[in-house]
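Trainee: The structure follows.
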């Protein structure tokens with residue numbers, strides 16, 4: 001809790017509390033929102049447009065919701081495995097000392113310019129990885145952000161701004177992430193098509209993220225009282241810092257850092273060209289763990305202990321992911337998820353031609369508050385948006401970008417996002433502190449998205 005919150009007597013709820021509140025709220029909605037469903041194409045699993053019809057209500061009480069928790073947790077097994085492995089890999093890299101050596105060497109060489117150089121460089125790197133790979137497991141990099149923030153004498157919010165915000169923003173317009181490939185396939189478009197325009201939007205969002213985060217870091221560096229968190233992070237133990245100014249990044253340090261990044265680059269290539277998924281990324285991460293151990297000649301027992309320690313830190317995060325899954329399960333079991341989608345499509349269809357793309361973007365963004373998972377929304381919303389876009393003359397390329405931006409840009413503020421919960425847990429920040437930092441940024445990205453979609457729609461981009 002921040003100093004300001006203590007003075008005002010405000011208690012910011014834990015993200016798990018917010019998730020539970022959403023579950024209760026969704027249970028209530030199943031009693032008041034009319035039940036309805038679209039027909040589902042048995043061959044493709046996609047929603048059939050214009051097939052919405054009323055069905056018998058199926059309200060979900062709190063007891064049923066609690067029973068669903070077991071299924072919610074069990075259904076996320078692959079995600080849990082990936083987070084455990086990535087958490088272990090990152091901890092192994094941190095314990096190797098390579099991250100510290102690279103940071104210490106960079107800070108020493110850059111002298112007083114370290115924030116102005118390192119922060120933009122890190123933001124761009126994370127935006128690139130997010131735009132290419134777009135995996136939720138990237139949230140584990142927040143642990144690296146905490147190391148860098150301590151060394152640069154910054155706060156928890158800065159760590160999130162350097163390592164969490166840019167990868168989330170990069171996902172929102174990334175050309176090779178799973179959600180855009182799924183959306184394009186569903187819309188009948190070639191994979192990775194429309195690359196130029198999508199890259200331009202990505203560059204604009206990344207530039208904004210660089211300026212926004214760097215500006216905040218410089219501000220709290222000059223005046224720690226401006227911190228939105230609990231102030232500047234305390235320095236590490238003197239024994240660890242004593243030799244830091246003279247530390248030099250060796251080829252082993254650089255190779256170790258590359259071992260952390262290369263799995264995501266390979267995955268991005270394989271996902272786009274070979275249809276790779278989580279299992280391949282997990283396997284690459286395991287190879288990286290072994291490579292880091294060999295590079296640094298780490299005792300195998302110490303390597304195992306370091307790996308387990310990093311994986312253990314992901315336990316609570318995985319639990320929150322399982323609970324968050326229950327929100328969508330309640331809406332589906334209560335037979336009101338399609339009703340909400342039907343209402344959104346009806347509103348969009350009644351908007352003027354000039355606002356259709358923006359309407360799809362906003363509808364997806366609002367829907368994201370209930371179902372943060374992009375892949376879960378694609379088979380439901382894209383088939384519903386396609387007829388509306390086709391009738392009103394909106395290209396499917398614009399439709400897919402509007403959907404991608406609507407899904408991605410609000411992930412950093414969606415209360416039920418398990419990835420956001422993970423970022424808060426790893427950084428030690430609370431949701432109130434984070435929202436004070438990120439809401440102005442989200443508003444600016446909202447404007448960029450609306451302007452970009454309006455221009456592309458007017459140009460007839462396809």
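Heads up, the Cβ atoms here are built off N, Cα and C, so glycines get one too.
I grabbed these lines from TrEMBL:
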type     : residues : note
TRANSMEM : 12-33    : transmembrane segment
TRANSMEM : 73-94    : transmembrane segment
TRANSMEM : 115-132  : transmembrane segment
TRANSMEM : 161-183  : transmembrane segment
TRANSMEM : 195-218  : transmembrane segment
TRANSMEM : 254-270  : transmembrane segment
TRANSMEM : 276-295  : transmembrane segment
TRANSMEM : 307-332  : transmembrane segment
TRANSMEM : 344-371  : transmembrane segment
TRANSMEM : 438-459  : transmembrane segment
Trainee: Give the one range among 73-94, 195-218, 254-270 whose Cβ atoms make the most pairs under 8 Å with those of the transmembrane segment (307-332).
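Mentor: Most Cβ pairs under 8 Å with the transmembrane segment (307-332) come from 73-94.
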Trainee: Is the transmembrane segment (161-183) packed against any residues at least 6 beyond its ends, judged by a Cβ distance under 8 Å, and which are they?
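Mentor: Residues 119, 122-124, 126-134, 138-139, 141-142, 144-145, 148-149, 191-192, 195, 198-199, 201-202, 205-206, 208-210, 212-213, 216-217, 268, 271-272, 374-375, 378, 382, 400-401, 403-405, 407-409, 411-412, 419, 423, 427, 437-438, 441, 445 contact the transmembrane segment (161-183) from elsewhere in the chain.
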Trainee: How about long-range neighbours of the transmembrane segment (12-33): same chain, 6 or more residues beyond its ends, C-beta under 8 Å?
Mentor: 1, 5, 57-62, 64-65, 319-320, 323-324, 326-327, 330-331, 333-336, 339-340, 370, 415-416, 420-421, 424-425, 430-433
